[in-house]
Amino acid sequence: MARELRALLLWGRRLRPLLRAPALAAVPGGKPILCPRRTTAQLGPRRNPAWSLQAGRLFSTQTAEDKEEPLHSIISSTESVQGSTSKHEFQAETKKLLDIVARSLYSEKEVFIRELISNASDALEKLRHKLVSDGQALPEMEIHLQTNAEKGTITIQDTGIGMTQEELVSNLGTIARSGSKAFLDALQNQAEASSKIIGQFGVGFYSAFMVADRVEVYSRSAAPGSLGYQWLSDGSGVFEIAEASGVRTGTKIIIHLKSDCKEFSSEARVRDVVTKYSNFVSFPLYLNGRRMNTLQAIWMMDPKDVREWQHEEFYRYVAQAHDKPRYTLHYKTDAPLNIRSIFYVPDMKPSMFDVSRELGSSVALYSRKVLIQTKATDILPKWLRFIRGVVDSEDIPLNLSRELLQESALIRKLRDVLQQRLIKFFIDQSKKDAEKYAKFFEDYGLFMREGIVTATEQEVKEDIAKLLRYESSALPSGQLTSLSEYASRMRAGTRNIYYLCAPNRHLAEHSPYYEAMKKKDTEVLFCFEQFDELTLLHLREFDKKKLISVETDIVVDHYKEEKFEDRSPAAECLSEKETEELMAWMRNVLGSRVTNVKVTLRLDTHPAMVTVLEMGAARHFLRMQQLAKTQEERAQLLQPTLEINPRHALIKKLNQLRASEPGLAQLLVDQIYENAMIAAGLVDDPRAMVGRLNELLVKALERH
């Protein structure tokens, strides 16, 4: 038994690295694919188990299997200078401009690695395009990095198109004049080649001088019969060029690091930078002989070719999460802008901290598969910050450092296009699976409310409002409806969408304000969330229909003394004279707490209600500003009107008590007023009336 247990433990140790996520499999075709915690090869029943266990490879952690893989590197010290050296001055406005580019343009020193990898990718793309156009076979097209901590150097070498002596002078000797830019200019009508060229500014190479005491470049053009050359500079405004032997076709850059930048001669540090910025470069990328970019840029693939498990693993990668995406949108378009994107909605419900904290977008921005920003705050509006994913666009206007977006009409257009596409996607999902969408709205609805409140354009507010869901008086409890569906049910000639804010459906249906609306046989939306009222106040209208609170409708529709025209039997209602005398007495008792006391015949089960012009706005103002703490201050701000129901037993009894027991009658008036204020949501803390309630109970018990 002990022997079997030891064998089982040993087997578990061998399995553990393979069960980590995410994994990467080398499929028989040789092309690496992003795969789940165990590869499809490992999970497939027809695969050989021994082969399957060797297929998995992690991209987030170096494993023992990685170390056992044979190293592959083309970097070696074979170059030597031949003959004399010629000195040249930089052609772009002196050393001062070079200092600005090399020392002030970039916010982080580490981006020099990204820039040099991008340049190498461009060189390989140029060679690929040339050979394909000429019908020639493609050689090994690779990018290699090598670190040397002892010498304090980092080297990058590509097998791309290389440069002649003249190109070395023109491309590396002039700020903001790169071969990539010239190549694009020459291929304006060939979109495929143009779209794959990363560097367009010609300043990326000079980022090396942020960290370098000296930069050595060896390059040989892919043109037949080309010689190799060395380019050398310390960034002082002068560079040297000499013929060199032993130079391989392509370009090799050796950076001799400054004393305070030796960190970039560490393999671990460089690996982190490559993983951060250049994980999706199109060509094989090696660091000290080990393959780095084994992930696929699945956002560049055709959506129908990406499988669900690939989305799950890519979501975990970009979101740094362990759950699955609740929704996935793979969006590609070439008009009105070139966009390649994938968006995910996390399955995990956001916490209040996630909702309230001031965070920008969690969408990464790429330009031709090179990371520009890990959190691109300008690509999506702030209310969509719960979205995870990637946006890749060739049309994005970047500044010279390729780190900052240049706010422009194009960026605003991109933001609008993505926002509209996501809204359309959510609307489609709500129709496809209403129950799933209802859960999504329950978890993420606060973000949508924020979008409506913060949007400046009414059109945008109404677009976001299409995502809102509420219960309705016309539907069973728990069933949600949209504003569009409400509008479709409106009777001809109806202009308003009515809503009532309450903590729950029971309170909404027993509200005096809803009671007053039921007689109109009008559908009312029930809004239960704290910020619904503020949201609808900001929205104001939807589809040319005004959004009206039932409380406001009562005030506006009857903003004058209601005529006493009641056909109830005399025994069931106070007379007009009794009502007038009672209202006058109540005005005197309540004093400055009310602006007026008047009669209402819209109530049946409630004795009274308070009406305030724009009650929703007033309620929100009181809640946010925490003003009007006393009754007098509150009344001065709100100017409430108390409307009484002359048919209610409490009002009829009050009329009798005001003559026979004025003390008890005054307590009842105060309580009726407080009850109406509570029903209106205008009392923050009802504990102040506990003493009066106790006194009323004592007086009630004195009669028994």
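Yeah, the Cβs are placed from backbone N, Cα and C, and that goes for glycine too.
Note that the structure is a prediction, hence the values are computed from the model and not measured.
Looking up K109, K466, K598 in Swiss-Prot shows the N6-acetyllysine annotation sitting on K466. Per Swiss-Prot, the residue from the list K181, K252, K332 bearing the note N6-acetyllysine is K332. Scan Swiss-Prot for phosphoserine across S194, S233, S245 and the hit is S194. Of the listed residues (T374, T494, T522, T535), Swiss-Prot tags T494 with phosphothreonine; the rest carry no such note in the record, though that does not show they lack it. Looking up K196, K424, K436 in Swiss-Prot, the residue bearing an annotation of N6-acetyllysine is K424. In this structure, K431 is the one among the modified residues K262, K431, K466 with the smallest number of other Cβ atoms inside 10 Å of its Cβ.
Using Cα positions, the member of the binding-site residues N119, D158, F205 nearest to S170 (phosphoserine) is identified as F205. Counting only same-chain residues at least 6 apart in sequence, none has a Cβ under 8 Å from the Cβ of K424 (N6-acetyllysine). Closest by Cα distance to K431 (N6-acetyllysine), from the binding-site residues N119, D158, N171, F205, is N119. Just so you know, the Cβ of D158 (ATP binding site) picks up 29 other Cβ atoms within 10 Å once every protein chain is counted. Put simply, of the binding-site residues N119, D158, N171, F205, the one whose Cα is nearest the Cα of T494 (phosphothreonine) is N119. Looking only at Cα atoms, K332 (N6-acetyllysine) sits nearest to N119 among the binding-site residues N119, D158, N171, F205. In this structure, the C-alpha atom of D158 (ATP binding site) lies 52 angstrom from that of K466 (N6-acetyllysine).
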